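A short worksheet on the structure shown next.
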Amino acid sequence: MSTAVVSPAHHPSARLRAAGAALAALGGVALAVQGRINGQLGHQLQDGVVAALISFSVGSVLLLAVAPILPGARAGVGRLRKALREQALRPWQMLGGACGAFLVTTQGVTVQLLGVAVFTVAVVAGQVVCSLPVDRAGLGPGGPQPITLPRAVGASLAVIAVIISVSDQGIVTASGGLWWAALPAVAGAGLAWQGAMNGRVRAAADDVVVPTVVNFLVGTCALVLAACVDVIIKGWPATPPDQWYLYVGGTLGIVAIMTAVSAVRVTGVLLLGMASVTGQLVGAVLLDIFVPTTGGLSVTTVVGIALTMVAVGIAAIRRRPR
């Protein structure tokens, strides 16, 4: 009989949970910037799958160059092998990177069609809805977490907040292309599961770098297969653009994953997801200020960000034991 890698029952302090949420928000900012970069790369290549493969490949190369020289990472690999050998960690629990690969693919395929706003709505909806059952089932490293009233209210407010933040984008009256929103919605659901699985790998390895490397290698392998099929069906992509910044998406992915695997142990999957959403919204604001592509910030966007932060605070409330 195997023993799952689950941390003993513990109750992180409010300060520790707040720090974890802040770290997850930083990862959300990285995701927002990554989404715009990968969307633009996919648009110029006319192939979102190849754009995703480039992004993951860059991240994999960087990690494989750095990880071997880090003593903690080398020791973590040994602990990970031991956990697999003793069946404390199952091989399928290392496949979270496949969900990350799918998310990056949807960035390249749908961001230009849907726009960043609708893309974010779809991802958040899938992520928040899936985070509740993932936490309840105890798939994350912290074990089962109940669906309390504050957590349910926080999740609902997070969805409402993101809808408000893009309400002036015409998401209700948009064209039939909104059917494409199903892709990022599924990707968002995958993010919740990915966070839980990466958290388990981190618990087994007792290191942050190891699950990040595993995540990128799994995602890259999945994307190599997907890209082969894509090229067979669609042909070769367009000529790669010469703007260097379109190739740093993988680096931002490293930041997003490392912050997530570091935070999920103390935040749980739901709070991790909503803090990440806050970061994504803040990242979108920074992009609109410094690299505007539309008319600039709107009142609804600011209101949505404020409501999301309230939602994160509510979700962090723990019911006191009686």
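Cβ atoms here come from the backbone N, Cα and C positions, even for glycine.
On a predicted model such as this, the values are computed, not experimentally measured, just so you know.
Beyond the ends of the transmembrane segment (48-70), by six or more residues, the same chain brings 34, 38, 41-42, 100-101, 104-110, 209-210, 212-213, 216-217, 219-220, 223-224, 226-227, 230-231, 237, 240, 247-251, 253-254 to within a C-beta distance below 8 angstroms of the stretch. According to TrEMBL, the feature transmembrane segment maps to 48-70 (among others).
Per TrEMBL, the feature transmembrane segment maps to 116-134 (among others). Non-local neighbours of the transmembrane segment (116-134) in the same chain are 32, 35-36, 39, 103, 106-107, 110, 140, 147, 151-152, 155, 158-159, 162-163, 165-166, 169, 171, 174, 178, 181-193, 195-196, 269-270, 272-274, 276-277, 280-281, 284; each lies 6+ residues outside the stretch with a CB under 8 Å from one of its CB atoms.
If you look at the transmembrane segment (146-166), the same-chain residues 6 or more away from its ends with a CB under 8 A from one of its CBs are 117-118, 120-121, 124-125, 128-129, 131-132, 135-136, 270-271, 274, 277, 281, 300-301, 303-308, 310-319. The transmembrane segment feature in TrEMBL is assigned to 146-166 (among others).
Residues or ranges marked as transmembrane segment by TrEMBL: 178-196 (among others).
Sequence-distant neighbours of the transmembrane segment (208-232) (same chain, 6+ residues past either end, Cβ-Cβ under 8 Å): 47, 49-50, 52-53, 56-57, 59-60, 63-64, 66-67, 70, 72-73, 76-77, 80, 94-98, 100-101, 104-105, 194, 198-199, 201-202, 250, 253-254, 257-258, 261-262. Taken from TrEMBL, the feature transmembrane segment covers 208-232 (among others).
What TrEMBL lists as transmembrane segment is 244-264 (among others).
Residues or ranges marked as transmembrane segment by TrEMBL: 269-291 (among others).
Per TrEMBL, transmembrane segment is recorded for 297-317 (among others). Sequence-distant contacts of the transmembrane segment (297-317) (same chain, six or more residues past either end, CB-CB distance under 8 Å): 14, 17-18, 21, 148, 150-151, 153-158, 160-168, 270-271, 274-275, 277-278, 281-282, 284-285, 288-289.
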### Query
Against which stretches of its own chain does the transmembrane segment (269-291) lie, if we need a Cβ under 8 Å and a gap of at least six residues from its ends?
17, 20-33, 35-36, 116-117, 120, 124, 127-128, 131-132, 134-135, 139-140, 145, 151, 154-155, 158, 161-162, 165, 191-192, 195-196, 199, 256, 260, 263, 297, 301-302, 304-305, 308-309, 311-312, 315-316
